């Protein structure tokens, strides 16, 4: 009787832990980024003679859609990159560029990611686009039903990947307006494979008002 009671209690505790892991109760809440914070981020180009520049250069004239990639080798990230790239023709019509930032540049990870993403990619080695408060999903992610649904969705879509690089710091997607128009959309990944809504991305991109130079006004 005693062993049965202990066993039943252990099962109950495990069931409760599994239930709680599938709520948002213990997920780190994202801190909204200020425009000034994003503008001041240092980014690098990925060629051998890397050039460092401020992130605001990406959107100061025409706005931009920017993906902060959790890990280029992740098949879930490759799926989202493909989804965002499907918007490229419509973004081109709007004159809005599509970019991505990665937090590390190792092996051929970015090169192998490029076929999935139809925009330029830059290095954010200080991981600022993943802040101001960096959020991590550790092994709890593997007991979340939503994560497994995302896994199966990407697998069924034919996506594959690898385990190279840091993959616990969660990423996101931003739609930036030019100049001081500000952040028009900020999607913070809450769990592995939590993709941005593509309709919301396009709606935000359509709100972008390109900057006109003084010569164009005359």
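Placed from the backbone N, Cα and C atoms, the Cβ positions cover glycine too.
Keep in mind the model is a prediction, meaning the values are calculated, not measured.
According to Swiss-Prot, the protein has these features:
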- 74: active site, redox-active (ACT_SITE)
- 77: active site, redox-active (ACT_SITE)
- 3-101: region 'Thioredoxin fold' (REGION)
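The number of other Cβ atoms within 10 Å of the Cβ belonging to residue 77 (active site, redox-active), over all protein chains shown, comes to 29.
Across all of the region 'Thioredoxin fold' (3-101), the predicted model scores a mean pLDDT of 83. Sequence-distant neighbours of residue 74 (active site, redox-active) (same chain, 6+ residues apart, CB-CB distance under 8 A): 161, 167, 192.
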